Amino acid sequence: MWRTKRGRTRRRDAGGNPWQNLEKTSVLQETRMFNETPVNARKCTHILTKILYLLNQGEVLGTREATECFFAMTKLFQSKDVVMRRMVYLGIKELSPIADDVIIVTSSLTKDMTGKEDLYRAPAIRALCSITDSTMLQAVERYMKQCIVDRNAPVSSGALVSSLHLASTAGEVVKRWANEAQEALNSDNIMVQYHGLGLLYHIRKADRLAVTKLVNKLTRQHLRSPYATCFLIRIACKIMEEEDASGNATEDSPLFNFVECCLRNKSEMVVYEAAHAVVNLKRTNPRELSTAVSILQLFCGSSKATLRFAAVRTMNKVAMLHPPAVNVCNLDLEGLIADSNRSVATLAITTLLKTGAESSVERLMKQIATFVAEISDEFKLVVVQAIRSLCTKFPRKHAVTMNFLSGMLREEGGLEYKTSIVDTIILIIEENPDAKEAGLGHLCEFIEDCEHTSLAVRILHLLGKEGPYSKCPSRYIRFIYNRVILENATVRAAAVAAIAQFGACCPDLLPNVLVLLNRCQMDCDDEVRDRATYYYTILNQSNPELNKRFIADHEIVSLPLLEKSLNEHLKGPLAERFDLSIVPKSQVIQPEVNEEVMIMNKAAPKIARVNREEVNTEKLLAIPGIHHVGALHKSCAPVQLTESETEYTVSCIKHCFAHHIVFQFDCVNTLSDQLLENVRVDLELPEGFVSRAVIPCAKLPYGDKESTYVIVQFPEDVPSSIATLGATLRFLVKDCDPATGQPDSDEGYNDEYILEDIEVTVADQMQKSKKQNFLAAWESADTEEWVEAEDTFELSSVTSLQDAVNTILKFLGLAPANLSENVPDGTFRGGVEVLVRSKLAVADGVTMQLTVRSTDMDVAELITSAVG
C-alpha cells in the first residue's frame, strides 16, 4: 500500500498533461462504449471528459462526426449516475452548434428540467436553451417561467441566465417573462437577485422611461445582493451620462445621491464600485471626487492584494484627468512601491509619475529600473504610458526619460511593447526640439539590432524626415546605409527612401548620396532597384523644385481611396488620363490613447483606422455630378437638425470641396404607419451661395436611414462663405400598413418639416495638417508669397487658458500642439496654407493676440474675423 501511494505521488509530482497526446479519431471510436448496456458510468465519464478537452483545445469536429457523437451521447440518459449526467449536459452544449437534429433530446432535457432531482434541473435548463430556437421556445415557455421563480436558487439562476442568452434570438418571447424576472428580483438569494436584475434590465433597456422607473424604485430599497447593487450603480451611471449628453442633468440628482450613499456600504465590492463610478462621472465636482479618492486611499492600505490593486489602478486613471486630487495619496502610493505584488508596485509608481513633482522624477525612475525587468510586457506598457504623459508634463526631464526608454529598448520584449517605446521616443522628438538629437541617436542604435521589420521601416522613415534638419545630418547616413547592406528587402527599400531625403534637403551631401543610390541600383530586389533608380534620376538633375515635389514633400493621397479610384479608372474606356487631383489627401489621424490601462485584449485584432473622408468618399462618388467638384477637402462630424424624439430625425454632414460644399442629410422615419417618398431638403441660401443640384431620396420606409444631398457652390468672396442657412424637409406622405410597410394606395399628400438652421463656419472649411517643426514652418512663411493678419481679442467669456484654447479651436477647426501654446497649421479649402500663432494672457479674463500667416489675404482676414 505504501509503494502504491508513493508511486502515485511520483507520477503526480512529475506533472505533465495526461491528455496532451489525444487523437480525435481514437476518442471518437471510444464513444462506441456509450451504446453498451448496462452503461459503465465511470468509463463513459472519462470519455466525455476527453471529448470536452479536445473541443476546448480548438479541435474541429465535422458535422457528421459531431452528429454521430451527439446521438451516441443521448444513449447515456438511461443511466442515473449524477456526475455522468452533468457531463452529458456539457457535451450537448458544446456539440449543439455543430451537430444536426439536436432537437431530438428536447423531451429528455424537458423531463430533467421539470423533474425532482435538483442536481439535474439547472444544467438541463442550460443545455435545453443551447439547442432551442425561437420556433421551439414557446413549447417550453411555461416551464421556463416556472423555473425562473423556483425556490431552488441554482435552478432559478440557471433559468435567468439562460433567458438572457435566449433574448438575443427570441427577444419578443423573453420580454413576456418580465413579471417572473421581477419576482426573482425579490429573492433572498444574492445570485438570483443579481441575475433577475440583469434579465429585467435587458428586457426594459430599450424603454428609457421604464429603466428610469426601475432604477428609482430599486435605489429606494435595500438590495441584499452586492452584485445586484454594483450592477444597479452601473445602470444609474449610464442614465446620468445620457442625461448629461442630452442636457437634462440636474445638480441634485437622486441617482448620484444613491451612488454616493453606496460609498458607505458594508460590502467592499459595492464601496469600490461606487468610488470607481464617482471618479469616472463627468459631472463629479472636486468635493465629491475627494470623497471617492479618500475611499481608494483606505483601500491602498488593505491587507488584500485585490483591493490594493483595484484602488491603485483606479487612482492611476484619476491621475490622468485630475492629478491634484490624487496628490493627497502620494505618501500611501510611495508605500506601495515596495509592495510584494509587482502589479501593484508598477501602478503605484506610474501614478506617482503623473502626480509627483519634477524633482522626484529621477528618484522614481531609478526605483522602476530596479524591478522593470521582472514584470510582464503588459505591465511594462503601463510604465511606458506613464513616461509618455511625464514627457508632456516635464519636458526638461527628457534626458532622464530618454535614457530610461533606450534601456528598455535593449531588453527582451514583444512587438507591441517595443512599438510603445518607439512611439514615446518619436513623440518626444516631435514635440521637444532639445531632445531631437538624443532621440534620433537612440533610435539609430536600436535599428542596428532590430528584429521587427515594421519598426525598422518606421524608424528609417523618421530618420529621413528629421535627419536632414539635424545639426550633423551626415552622421545618420552611415546608420541608414548599414540597413541597405544587412537587412531584408523591405527594410532596404525604406533605407533607400531615407537616404534620398538627405540628398533632396542637404545639397552638400548630394554627391555622396548619389554614389550610395548608384550602388543600390545593383540590388537583387526589384523594389529596392526601382526606388534607387527613381531617386537617383531626380536628384541627378539638381532641380530643387523636382526634389521638393517628388521626394521631400510628405503629403500623400489616401491610399485606400487611390486604390479604389484606380480600379474604377481601369474599368472605364481609358480614353482620358487618370486625374490624381480627384483623390483626397491622407489626413493626420491622431493615435488612439487607451485610458483604461491594464485592460489589453490581445485576442482582438486591431482594426485599420481610416479617417472620415475615406469613409464618406464611397457614398459621395455615387452622387450624380460629384466628379466635377474636384477632390474632397474635409468631411465634418454629423450635426442633429431635429430632436431625437420627433417623428422624423435628420442629421447633416457637411462635405467641403475647393469651391463647393455638399450637404448630406441622413433621414430616419420613426412613424410605422407612413411611407415617405421624394424626400429632399430645401435650403434658404444667403447671397453668393448657388445651389447646383438637389438629389432626393426616392423612398424612406419606417426605421430605415436614407440620405438626400444638396450641392452648393461657395461665394467668390471668401469672407462671405461663413453663413447660416435655413432648412426645410419636404416629402410625399403615403399611409401604409404598419405590419407590412406597404402603402394603402398610390395617392399621398405633400408635407414639410422645419429643421434647425445649418451653420457654415471656418472650422468646416479648415483641414488640420501636421508640421513636424512649427517654428521652422512659421519662420519660412515670412516671405512675400505669404500675407500676415494680426489682431488682439478680449475673450471675456472665458477665465482660463484651457477654456481659451478650446474656444479658439471651436472657431478655427485646428488642434493644439503638445507642450506649446501654438496651434498647428492647417489647410483651407482649395489648398491655401494657413499658419496660426496665438499668445494668451490671463488677467480678469483672457486676452489673446492672434497672428495668421497664409498664402491668401482673404483667408487670413476670414480667420481673424471668425474669432472676433
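In case you wondered, yes, glycine gets a Cβ from its N, Cα and C as well.
Look at Swiss-Prot and you will find 1-22 tagged as region 'Disordered'.
For 1-11, the entry in Swiss-Prot reads compositional bias 'Basic residues'.
In the predicted structure, the repeat 'HEAT 1' (64-101) carries a mean pLDDT of 88. Per Swiss-Prot, the feature repeat 'HEAT 1' maps to 64-101.
Among the features that Swiss-Prot reports, repeat 'HEAT 2' is placed at 287-324. When DSSP labels each residue, the repeat 'HEAT 2' (287-324) comes out as 33 helix, 0 strand, 5 coil, counted as helix, strand and coil in that order.
For 326-359, the entry in Swiss-Prot reads repeat 'HEAT 3'.
The repeat 'HEAT 4' annotation in Swiss-Prot covers 360-396. Across the repeat 'HEAT 4' (360-396), DSSP helix (H, G, I), strand (E, B) and coil residues number 34 helix, 0 strand, 3 coil.
Across the repeat 'HEAT 1' (64-101), the DSSP tally of helix, strand and coil residues reads 29 helix, 0 strand, 9 coil.
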